[in-house]
Amino acid sequence: MIEPLTIPISITWKDHHIQLLDQRKLPATIEYVDLKTVDQVFEAIVNMTVRGAPAIGITAAFGLAMGAMQSTKDQLEEFQEEVLAIKEKLASSRPTAVNLFWALDRVSKAAESATSVNEAKTTLLQEAIQLQAEDEQMCRDIGEYALELLNSSEPVLTICNAGSIATAKYGTALAPFHLASERGTQFEVYACETRPVLQGARLTAWELQQSGVNVTLITDSMAAQTIRAKGIKAIIVGADRIASNGDTANKIGTFNLAILAKEFNIPFYVAAPSSTFDLTIDSGIEIPIEERHPDEVRKIQGISIAPENVPVYNPAFDVTPADYITAIITEKGIIKAPYITGINSLIS
Ligand SMILES: CSC[C@@H](O)[C@@H](O)C(=O)COP(=O)(O)O
């Protein structure tokens, strides 16, 4: 029997404001925060109350619509200037995940041809609601394609949280596990803890347990030993931005896993919706890599684990060159090398 996925929804539009599942508090507490101003939306993306490329995009889309609805301008031109300023503010929250810019562009473009302020406000909100609904469907479709490549009797490794709470629902890299679970089949999944912010330990381990998936947590440095000792047969990860040539930015540590996959001769899959492709850039060199606060490395959950002022390098993402990627799984189908050709025909 098919049991629908029971993971909490991370982003909910509540008529006039946004409600977010507070991902910073998981797994200890399931708590929601209400965002009623554009500044609060900006902060929630920066401080990772909401995180994960598609979820950031959806939140920003609702943030733009909410800010526009709160506008008191009655002249269309002045209103549009205000919308542009809100868009620029939200776009400056995090630099790497292209879904943020894609979502803001899509929602603002939809309202460009509006002939009145009221029509523009309605269109902005409708587009944000539509974008969220489409993301859920895209994630389901990604999950179905991923199930064509993965075998539920073989252990799989993942990093970070490319799961339901990082999207509208189901996730990207975790979608096949949730779909299989709904159908009564449990995958065996190894989750890297994903230092420094621990999305793997706090979010993926929790999310997969909620869904009944057979998940085991490891620290990031245990990946090679786990692949050998536990017979990992595939690695699957999400993405924050994929360049035209297939180079893929994802959570820091992803490239390490791709190198291991090559060494152990196992497939390395990237799962992402078309909103994660950036066809304006040729290769991964052009992807901006976010560097976050040093205290994320000096501390774990607020507790110091290093000298207070030790210098830190804290890139939040790395770029895996396309040659290391066995296939990119999208909602439109599975893309294999040569990526330029596949991406152009399927995504653009
Ligand atoms: C479906 S989420 C895909 C990616 O956004 C995910 O793998 C990731 O790297 C998230 O990074 P985060 O810094 O937690 O936003």
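Each Cβ is built from the backbone N, Cα and C atoms, and glycine gets one as well.
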Identity of the substrate-site residue among ARG94, ARG228, ARG298 (reference: ARG51, GLY52, ALA53, GLN199, ASN250, LYS251, source: TrEMBL): ARG94
From ARG51, ALA53, ARG94, GLN199, ASP240, the recorded positions whose CA lies within 10 Å of that of CYS160 (site 'Transition state stabilizer'): GLN199
Most crowded position, judged by CB atoms within 10 A, among ARG94, LYS251 as binding-site residues: LYS251
Distance-selected binding-site residues near ligand 1 (C-beta under 6 Å), from ARG51, ALA53, ARG94, GLN199, ASN250: ARG51, ALA53, GLN199, ASN250
Rounded distance in angstrom between the Cα atoms of ALA53 (substrate binding site) and ASP240 (active site, proton donor): 5
Rounded Cα separation (Å) that holds between LYS251 (substrate binding site) and ASP240 (active site, proton donor): 8
